[in-house]
Amino acid sequence: MGFMFNIDGGYLEGLCRGFKCGILKQSDYLNLVQCETLEDLKLHLQGTDYGQFLANEPSPLAVSVIDDKLREKLVIEFQHMRNHAVEPLSTFLDFITYSYMIDNIILLITGTLHQRPISELIPKCHPLGSFEQMEAIHVAATPAELYNAVLVDTPLAPFFVDCISEQDLDEMNIEIIRNTLYKAYLEAFYGFCKSLGGTTADVMCEILAFEADRRAIIITINSFGTELSKDDRQKLYPRCGRMFPDGLAALARADDYEQVKAVSEYYAEYAALFDGSGNNPGDKTLEDKFFEHEVKLNVYAFMQQFHFGVFYSYLKLKEQECRNIVWIAECVAQKHRAKIDNYIPIL
Amino acid sequence: MGSLFRSEEMTLCQLFLQSEAAYACVSELGELGLVQFRDLNPDVNAFQRKFVNEVRRCDEMERKLRYLEKEIKKDGIPMLDTGDSPEAPQPREMIDLEATFEKLENELREVNQNAEALKRNYLELTELKHILRKTQVFFDETAPDYQDMLVNRFSQLNPSFHSRPSKYDIRTLRVKFTKSQMADSHREEEQLNLLEDGPRGQQQQNLKLGFVAGVILRERLPAFERMLWRACRGNVFLRQAMIEAPLEDPSNGDNVYKSVFIIFFQGDQLKTRVKKICEGFRATLYPCPEAPADRREMAMGVMTRIEDLNTVLGQTQDHRHRVLVAAAKNLKNWFVKVRKIKAIYHTLNLFNLDVTQKCLIAECWVPVLDIETIQVALRRGTERSGSSVPPILNRMETFEDPPTYNRTNKFTHAFQALINAYGVASYREMNPAPYTIITFPFLFAVMFGDLGHGTIMALFGLWMVLKEKPLAAKKSDNEIWNIFFGGRYIIFLMGVFSMYTGFIYNDIFSKSLNIFGSGWHLSYNTSTVMENKALQLDPAYDAPRTYPIGMDPVWQVAPLNKIIFQNAYKMKISIIFGVIHMIFGVVVGLFNHRFFKNKRAIYCEFIPQMIFLIFLFFYMTLLMWIKWIRFSAQNPAPYSVHCAPSILITFINMVLFKTSPLINEECNEWMFWGQGVLQKFLVLSALACIPVMLLAKPLLIMQERKKALHQPILPYSTDGQDGENGGLNPQTQTAAAAAPAGGHGHEEQEEMSEIFIHQGIHTIEYVLGSVSHTASYLRLWALSLAHAQLAEVLWNMVLKMGLTMSGPMGGIGLWAIFGFWASLTVSILVLMEGLSAFLHTLRLHWVEFQSKFYAGQGYAFTPFAFEAILDGGGSTED
């Protein structure tokens, strides 16, 4: 199928693989953690694929500037690929951006709930998830209004249908909206990848299944000690992971962390993640373990050719790299070197 | 001048520089550009090096300069580029430079900030002006009681809107509005009905109709309108008008198109909502008085304020312009200075620090011939820095391969580049470039032989050579042009040589020149010529004398056998040139062996290779000469035309040990006496060379190793026996130690089997290569034939049509056809064919010629030179 794939996607896949080769290696990280100041960090990044991306920033550097520039570079690369894509890759790439749209919406609603001016919130939104009506989101006071006034024109509209029932926007409801949206989004994306078939389906479904399970587990763990009822909780689980349906049912009954762990015992990969994590100092948190597993899956995506998974994986890997750099930069800036090694290495 | 034939002799030097003098010395060396520094701390991170702070300061300065450059370019101020490069400033001047840039940047930023604020102000006023003007229209075009109608309409329609918000409603609403303007009677009635529904005055009090006016980006308008409709459930009324003139966005100076809108609504709740949406879509709202008189007054005020602002803006712009013009004068100069400082500190970062911290230690490759110059430069640097301790330059012994440095000038540079494109010569290897200067244009010309096309090419090359300086100063970014310009001397030479071969081929735009008068005369009478289509002249009677130089022009009028005649001739000269070229290549190899004192290679490789090539292929070229000289149309029987043997068949039979059958009774079997015996001897000795090439060298090496191995083993065996032979040990050990010092340090480690395989590959490559390479030179004939044929086709198919046209239209037709022919000649015959011949020539040099002697495993000498850094910096910047 390679020759058919290459008609439309060959150039972009090659481009994406080229970009992927620019991802920092372990040796780069070893050098980065040795940096004394952010200027050192900048100097070292100049020697990598990032090149002169900080050259026009006046010193002294701030971590936020680095963060912005890293993101800007990633966004430019992604937009470039998006602009060259044709169907069905363009839809695929659009699907990737929907998750950022969800994040942006939640960010804005939470912000307006806390009486923050919209102009202060907009710069915090992820540029990949920006859409035209985004800034007017604060006119909505209820989810129904949110849907009718703002979201109905966006691609997120079908995902939002389940959320309209909620009465008003408070912290809890926003959280529920976020998770419901995400659930609908993941299921739709999963279905879309399945419909594409071939290697894309193989690679993407595995990654998305993991994403779904991770969300289910995290939701469960975070829900302990809140007023979220078990029924409501179950409604938030994305139903496209490996844990569907038995694992999710078991998760829905869980009352504490140990029970969640017990559920994960049935799934070899997840059991290993739980075993390797801990809350003691020096141990890796469960979240970090999940990230590591995600990185692994994303790196595996590059082992196969002629599929769309590389675009998703590249974005995710690059995001992880940005997080790593920002983490190291924060540690350097705050002279807090004890935890500087807690970045997630990208194999 | 020895350096043209071989690369420059290099030496590794250690350089001790006093800390204070290091900067000035490196600066001098940078101007000189003859020293390649080695990185002495490759394990140290970029940010842990000694002078990283200075490098960083330079980065910062560059950033400021780039900012200035950007601003200057934005204003389109020409930057003064004198092309000279000022010396790298002293380190202490760096602070001055930094201060200057800092001041300039701050000043510029301040001016920009002011300008931006003013522009923002200006933009707001302009937008307000447009709002006042456009809303005037909105208000004017409605009847005075328009607002009342509006109020009523809202009061009536509201309930239905609340219950059923759909697009249909707003559409009908709009229709009604427009229709009411046209005073539609039916609608009027309906309105009246509506009006009667309640007491009018009361309604006006209850429902105070509010409005906001503002400006929005035009592309956002549709979404804005939709959002308004959805969020307010259709209870607002929006009018909009485009602002035709583009407005300038103050933050980035882009032109943007905007629209004025006015929204009518009722109630405070809707007002906040509308305002929120406006904010969300980044629409700017402006106060707009309701009364026409107020509006007019406000418009007047706005106009005067715009006038005032214009003057202020003009002054700000003038100030900015002055600052930038002043900066533009020095900008290039500053760039050069900062880049030089940065390069110096980068180089200093490669150095080691002495234990005492007093001096820096550098290691560098330098050409032996230039040590004096370098020392003078170092002394100058020391004097400039005012240091008392002179720098020390020590030559070091090393087993590392030095870099290859070929000194070139503008003429040889292009030829050297052709060679380096294949591979940089190993250190001190014979450099093929000087021979290429002649052979390259010549072999090209053999393929491109046409006096006319050659002239075009030579003139183009000559133009570039003569206009060298002004053309070089232009520094074009056009890659293709730069390739042509870089190879201007090659092009010129290729053109001149093509003119020569074209003259020999007697070929000018596929026609011939009859300069000396043909050597042939016609023995047929007119009627025979007219009646017969094909007549042949007999060279025995019709060619009393030969044409003095080149091809006889009579061949031009012999369409049937011209090609056959030329093919025989061109094929033969191709092989002759090829064999000579290859033999020359092998001979160049001899100089390599002699230079590297590789006697074994002379006996085991050079001599058998020579024998093989000469006995087989050079002998074949000799046969060609013999055939040319001995056989002639005028000669009697054994050496007449009919008896001339085919060289190719003869050669094949020679290798197969066959005798060729007699062509004719009166002909001889051989071309000369003893040919049969001689040929057998030649073939047998050539074949005998193959095993020599294959085995001699590895066997000799093996023998040598065995000898070397026996000696160190001895001590062990004797040690075990008794202490009697103990006295031998030191002696044998010194002998063993002396062996590797002989100069073949790492060669000893090579596996024996590997040597055999290598030698096998080389031999097979050479033997098979000799056959295929000889055949490969036939491309000289093939391309020459193709070129001549193409030129002829173009003449016959195109220009001939124009030449045969008659009447007054013929002139015009010829004019047009000539243009067509000329452009095709230049584009296809000169450019494309030229490129093709060029590539084939390149191949003949890289593969057929250089494979005979050239290793090309060296690495180029890249000295630390400001010139290269500035050039490279300039191109990457753009």
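Cβ atoms are placed via backbone N, Cα and C, with glycine included.
The coiled coil annotation in TrEMBL covers B:51-128.
Residues or ranges marked as compositional bias 'Low complexity' in TrEMBL: B:730-741.
Per TrEMBL, region 'Disordered' is recorded for B:720-744.
As annotated by TrEMBL, transmembrane segment applies to B:437-466 (among others).
Using a Cβ-Cβ cut-off under 8 Å and counting only residues 6 or more beyond its ends in the same chain, the transmembrane segment (B:486-505) has close neighbours at 410-411, 413-415, 417-418, 437, 440-442, 444-446, 448-462, 464-465, 468, 513, 549-551, 566, 784, 788, 834, 838. Per TrEMBL, the feature transmembrane segment maps to B:486-505 (among others).
Residues or ranges marked as transmembrane segment by TrEMBL: B:573-591 (among others). Within the chain, the transmembrane segment (B:573-591) has long-range Cβ neighbours (under 8 A, six or more residues past its boundaries) at 430, 432, 435, 439, 443, 446, 602, 605-606, 609-610, 613-614, 617-618, 620-621, 624, 770, 773-774, 776-781, 844, 848-853.
According to TrEMBL, the feature transmembrane segment maps to B:606-626 (among others). For the transmembrane segment (B:606-626), the residues of the chain that approach it from at least six positions outside its boundaries are 572, 575-576, 579-580, 582-583, 586-587, 589-590, 593, 647, 650-651, 655, 671-672, 679, 682-683, 685-686, 689-690, 692-693, 696, 766-767, 770, 774, 852, judged by C-beta separation under 8 angstroms.
What TrEMBL lists as transmembrane segment is B:677-696 (among others). If one looks beyond the transmembrane segment (B:677-696) by at least 6 residues along the same chain, the residues whose Cβ comes under 8 Å of a Cβ in the stretch are 603-605, 608-609, 611-612, 615-616, 619, 654-655, 657, 759-760, 762-763, 766-767.
Proximity of distant same-chain residues to the transmembrane segment (B:811-832), defined by a Cβ-Cβ separation under 8 Å and at least 6 residues beyond the stretch ends, is recorded for 450, 452-453, 456-457, 509, 787, 790-791, 794-795, 798-799, 801-803, 805. For B:811-832 (among others), the entry in TrEMBL reads transmembrane segment.
Residues 412, 415, 418, 484-485, 488-505, 507-510, 513, 573-574, 577, 581, 779-780, 783-784, 787-788, 791, 825-826, 829-830, 833-834, 837-838, 840-841, 844-845, 849 of the same chain sit 6 or more residues outside the transmembrane segment (B:437-466) yet have a Cβ under 8 Å from a Cβ within it. Mean per-residue pLDDT, taken over the coiled coil (B:51-128), amounts to 84.
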